[in-house]
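Here is what TrEMBL records for this protein:
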ACT_SITE  GLU123  active site, proton donor
ACT_SITE  ASP270  active site
ACT_SITE  GLU364  active site, proton donor
ACT_SITE  GLU382  active site
BINDING   THR468  Ca(2+) binding site
DOMAIN    647-736  domain 'PA'
SIGNAL    1-18  signal peptide
Amino acid sequence: MPTILLLLTLLGVLYSHGHGMSREEKRKFRNQVVEMFDHAYQNYMDHAYPADELMPLTCRGRVRGLEPSRGDVDDALGKFSLTLIDTLDTLVLLNKTTEFEAAVRKVLSDVTLDNDIVVSVFETNIRVLGGLLGGHSMALMLKERGEHMQWYQDELLHMAKDLGLRLLPAFNTSSGLPYPRVNLKHGVWGPDSRTGTETDTCTACAGTIILEFAALSRYTGDPVFEAHARRAMDFLWEKRQRNSNLVGTTINIHSGEWVRRDSGVGAGIDSYYEYLLKAYILLGDDMFLQRFNIHYASIMKYISQPPLLLDVHIHKPLLPARTWMDSLLAFFPGLQVLKGDIRPAIETHEMLYQVTKKHNFLPEAFTTDFRVHWAQHPLRPEFAESTYFLYKATGDPYYLEAGRTILDNLNRFARVPCGFAAMKDVRTGSHEDRMDSFFLAEMFKYLFLLFAEDEELLFDVEDYVFTTEAHFLPLSLSTSNEELDDSNFDWTCPNTRLLFPDPAFPRNLREPIRSAVDRSCPRPAPYREPGMGRPPLRAQDFMANNPEHLELLRRMGVSLIHLKDGRVQLVQHPSQAVSTVAAEDGVRFMQEMMELSSQQQKEQLPPRAIQIVSHPFFGRVVLTAGPAQFGTDLSKSSTGVRGFVTIAEPYSGCSEITNAEYVQGHIALLQRGQCMFAEKARHIQKAGAIGGIVIDDNEGSSSDTAPLFQMAGDGRSTDDITLPLLFLFHKEGNILLEALKEYREVEVLLSDKARDRGVTLGCSVGKSDHSGVLVRLITPALAVFSGVDVATVDVGPQEETPCPADGGRSKTERDSEKGEESERDKHSGSRSVDQLLADWREDLEAFQQMERDEL
């Protein structure tokens, strides 16, 4: 059983689906949202304005240059009263029309954009340009209603165009991708102003322009803005990885080469996908929808492992890039609602909700077992965003309860006398003197919309699309004269009507993911009177292929989920246990399994090598092998273990070996499955084997696409196991099995790293060329552990002892194969080596890049 790669979700407390929240309760929470907004906004106006942001702990404004630099974070600040502009359309949504009118007058009289300061193109576009356009759309709406803004003559739009023109110089690149930074006064000015020198930008930075720039073009009639944004989107689309249809995180703005090749839906990429879909919604261009659908299919194929969303490598999309998730991906369930794919949206949102309940807020990054990876939380609104969209899609009052949790946590942990402070560490509750503008621009919008009734809104939000900063852009900006083709689109924004009349549907999806319990909460084993039923199943005895054990799991309410990369996820839903005692057994089993898995993961061993040293390979083929956490430690052996391979009978190795006379003195081949690895090792050791190789039974698995596999013990002492045991994925194992099928005797060397051919065979084999040392790598680290790098692949002539003419073959081979090799063998062998060598070089280049990116 692959316990070392076990992904566990421990489920506990049951949830009773409520009867909904009354209008009075919703009104109470809606009013609470308004009160909280007033607390944040008024403190900004009283203590910070005209500064860009409020510092809520010290009750003053953050003015760039007067406070210690926070690095790139400060590039959002441009001395243009950022928070006020970002908040304009929030004021209207919350029915604060008088305050909105006063705020617009302040922006027009006090804010200047002609500042000699370098700002982020991305942040300035979504926050300031988006804020001005959102404010303009609200001003037009109010003016049309005849109650407010009668004096308004498109002043915010004129300011928006001025800002757009200041951002345009950033797009002066051969690719059309914008520089990440621009000077508001001087444009792309040169090294002195930190502009024009950058070579890289994030995918989201270049791909989150189209909504604001297209709206600016269509409001003003000047097509230049939309043209530049479309060109950037087109370039990103052309540079997608054509096999996986995924994009990387960072791209060179001049060459278009991917600098970081990890791909996910979180930081660095998130809003690129969002803007593809929303550009279709706003502009009515089918091209954007087609591109989004292609990307989305790949996301669901490679990245989505409900409820998880895990980054992968764009060129090897079955290979995970990291074992943690960042909080920015919390927007994705909301985007899935717009797409109409509700099921995975519900599942991922539930996972995020449990993380929120466990840590009070979403940490900036958290692991797949919901532990903190990065502990900060800057009051991000993405989880509230997805909560709102799921409530609109399902009508399930459960999401109102999630909204109440957000409100409660903000008031309990983030509220301070001068506003709301970001969390420096969600584990300790410590604060940071920071209240980003997006907190007012987004968080209160989504929470207000969550609790407000339609008749309580000044306008119909279905007539607008939300930008990534939650600014309102009217759908009337579309110039399409045709009805949008929704044949491959299903339910989409702006249609957020009730999708599932059965309230049990989302509840049934949530229950298997609910209430992740911290692993530090052990529960005592339930008391059983003597003679009352059989003892419960223990984690150390569990076998994944044992039907009886699977039935016991079912009775305990525990189910197995097989993930795409071969890992097994255990999920408990106590409500499905056959009894309360069985449910308690299930909780204890899950805790034992987590402890066992944690114990087994403490020591992360490097990969090992299986080198085929017999004719006609002579050490040229080296297979990446996973180590075992028991048995002979090959890293402490200077010679490794060398022997001929034999298939054990039974192949599973789960019972006494019946062909012990053939296994004795040989390296036994075994199939994965049916019992623990330690059990297999004991059986072949008893039969006299000198080593063992376990071959994956998951057809198609390969070290090319799957993470390194370590074989763990069975929870008991493994000191009695003294032989080495290695693991091969299916693809690599087949190479060995095919060799055994074609040649009567196959000898291999089990070692911690590949040996040079001359050293391996005790002789040299003449000059080395492209059919020399052949290695398949899974990580750059393997190049170190194997002792093989580019230099040793293309080595020159060897000075070792010459090989005998028979090439070191066995006597039976010499007797039956007199004469030279056939031309067919020579040519096929050469082609195979050259082809695999090319693959090796491609892998090495890719993984060296990933290593530089600290993946």
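The backbone N, Cα and C atoms fix where each Cβ goes, glycine too.
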If one measures from the C-alpha of ASP270 (active site) to the C-alpha of GLU382 (active site), what distance in angstrom results, rounded to a whole number? 11
Long-range same-chain neighbours of THR468 (Ca(2+) binding site), Cβ under 8 Å, sequence gap at least 6? ILE126, THR208, LEU211, ASP270, SER271, GLU274, TYR275, PHE331
Across all the protein chains here, work out how many other Cβ atoms are within 10 Å of the Cβ of GLU382 (active site). 24
I need the CA-to-CA distance for GLU382 (active site) versus GLU123 (active site, proton donor), whole Å please. 16
Would you mind ranking the active-site residues GLU123, ASP270, GLU364 by how many other Cβ atoms sit within 10 Å of each Cβ and giving me the lowest? GLU364
Under DSSP, the domain 'PA' (647-736) has how many residues in helix, strand and coil? 21 helix, 16 strand, 53 coil
Along the domain 'PA' (647-736), what average pLDDT does this model show? 88
At the level of the C-alpha atoms, what whole-angstrom distance separates GLU123 (active site, proton donor) and GLU364 (active site, proton donor)? 18
